[in-house]
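Residues or ranges marked as transit peptide by Swiss-Prot: 1-87. According to Swiss-Prot, the FAD binding site annotation covers A115, E134, A135, K142, H159, I160, Y165, I342, D531, M541, on the basis of experimental evidence. As annotated by Swiss-Prot, substrate binding site applies to R300, A539.
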Amino acid sequence: MDTGCLSSMNITGTSQARSFAGQLPTHRCFASSSIQALKSSQHVSFGVKSLVLRNKGKRFRRRLGALQVVCQDFPRPPLENTINFLEAGQLSSFFRNSEQPTKPLQVVIAGAGLAGLSTAKYLADAGHKPILLEARDVLGGKIAAWKDEDGDWYETGLHIFFGAYPNIQNLFGELGINDRLQWKEHSMIFAMPNKPGEFSRFDFPETLPAPLNGIWAILRNNEMLTWPEKVKFALGLLPAMVGGQAYVEAQDGFTVSEWMKKQGVPDRVNDEVFIAMSKALNFINPDELSMQCILIALNRFLQEKHGSKMAFLDGNPPERLCMPIVDHVRSLGGEVRLNSRIQKIELNPDGTVKHFALTDGTQITGDAYVFATPVDILKLLVPQEWKEISYFKKLEKLVGVPVINVHIWFDRKLKNTYDHLLFSRSSLLSVYADMSVTCKEYYDPNRSMLELVFAPAEEWVGRSDTEIIEATMQELAKLFPDEIAADQSKAKILKYHVVKTPRSVYKTIPDCEPCRPLQRSPIEGFYLAGDYTKQKYLASMEGAVLSGKLCAQSVVEDYKMLSRRSLKSLQSEVPVAS
């Protein structure tokens, strides 16, 4: 349920006056979002577009008034005794308890998204010196965010932290920032397309253990599926429950739609449940998504009592999550450098990495090298000498999926919303939330700010922000029939931001699993991190963090080999006395 942006972006451009929907004067700043930009400058540059409406010559600012909106966060669930949390904690302790190196490795890491930050954090915990290079001037990669001239933040995606994310939950605890997660009630809330303005809930009772709490939530909901449909759905899932992980992995070759047909699951289950799940998990529809992705999510949600419980971060991710990691890394002697874009991976005669060459002419040398960028960036920079190696050749199957994140500030407080994530079940929108209610930093008692994931976005990522906002407003008119009209005759837009990501998380289509690489590459001293690499949480924030831990583990395990390589390299550079 993570939207994202690539870990390299330039926001440049000019401003121009125009009008929104032919009505109001506006101001727009923009950036290129063409795929050609990816090819020419080794990064995906995606559009960040904003609209600011002027009122009597003064820019819109928040004004507090009498209206009071009550937000209720829930206590942090007891996750510490779950098997997955304990396993994740054990992996974290591997780094803290490992033998401190006599000579720390200098490890150069490209990309300061969650994967790169995680790699750096755990290498520093093990006593090594990470040098983390980020191409842009902002941390976070797919969880990056920016502050506009009004002081409002806009993000690359609507990021949800689940109870079933054990490595992320451990990370928050290790950094001492558990209080930055705002836990919501244990429910999943779906809009009802045939009943505009109405919602259907799956409420998970606290008194029941897993999987009974999830089964109870499904059985109690009679608005989305009939009893015969529930029975057929359950029978279809039975092999997954009995067959376990082996069965789940075997379904990688089927799309969700193909699996449903094979298992005799009614089409309405797809319409009522799987479309929303597919778009939330990977921004694509069930006719493209691998069934393995759905089964992994269902397994996590149903096997852990608090697995599907959701939390929002209490503010913008770069400051509230990424900076604590950076501070931790620096406190242990590591470095984090922004505006450090890699232009080329230079090789030694034996095919190993000599150094990373940056666009500013700098050469960064280390004892080991990690690429923690999105897979599309890596594929552009793989040296020609490596391209025929099977490990790298398989990466061609892995392609980032486009997604768009939309933020709209309205002139009033919308009433038909919740302090929670909402599944729109719209053909154009995936999930959304009123961030003025769900997030402390964005709280506003007088005006709503809706953050929405626009997906699937392949046909829309090249369109103008005006078209995207107009289409979004048409969908919102169905979700808020009494409060929003497509022509703005009801709630008025004060401003908006549109963030386009032509290449986000890797597209989890059938038969991708064999192409996902291990973190340790066949090139000595070169490693990968990223949610596309081999780990059990697929394309997610949890997957990114776990991949970083696994990458760091590989480096630590290779310490002796890497030390010998570095010593040999130094000796070869020493001139021989004549």
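A Cβ is built for glycine as well, from the same backbone N, Cα and C atoms used for every other residue.
Annotated features taken from Swiss-Prot, shown on the structure.
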residue : record                 : Cβ contacts under 8 Å, 6 or more apart
A115    : FAD binding site       : G141, A372, A529, G530, D531, A544, V545, S547, G548, C551
Y165    : FAD binding site       : Y537, S540, M541, E542, V545
R300    : substrate binding site : F162, A164, G307, S308
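With a 10 A radius on its CB, H159 (FAD binding site) counts 24 other CB atoms from all the protein chains. Cα-Cα distance from H159 (FAD binding site) to A539 (substrate binding site): 13 Å (rounded to the nearest whole number). Residue pair A135 (FAD binding site) / A539 (substrate binding site) shows a Cα separation of 22 Å. For A135 (FAD binding site), the Cβ neighbour count at a 10 Å cut-off comes to 26, with all displayed protein chains included. There are 26 other CB atoms within 10 A of the CB of A539 (substrate binding site), with all protein chains counted.
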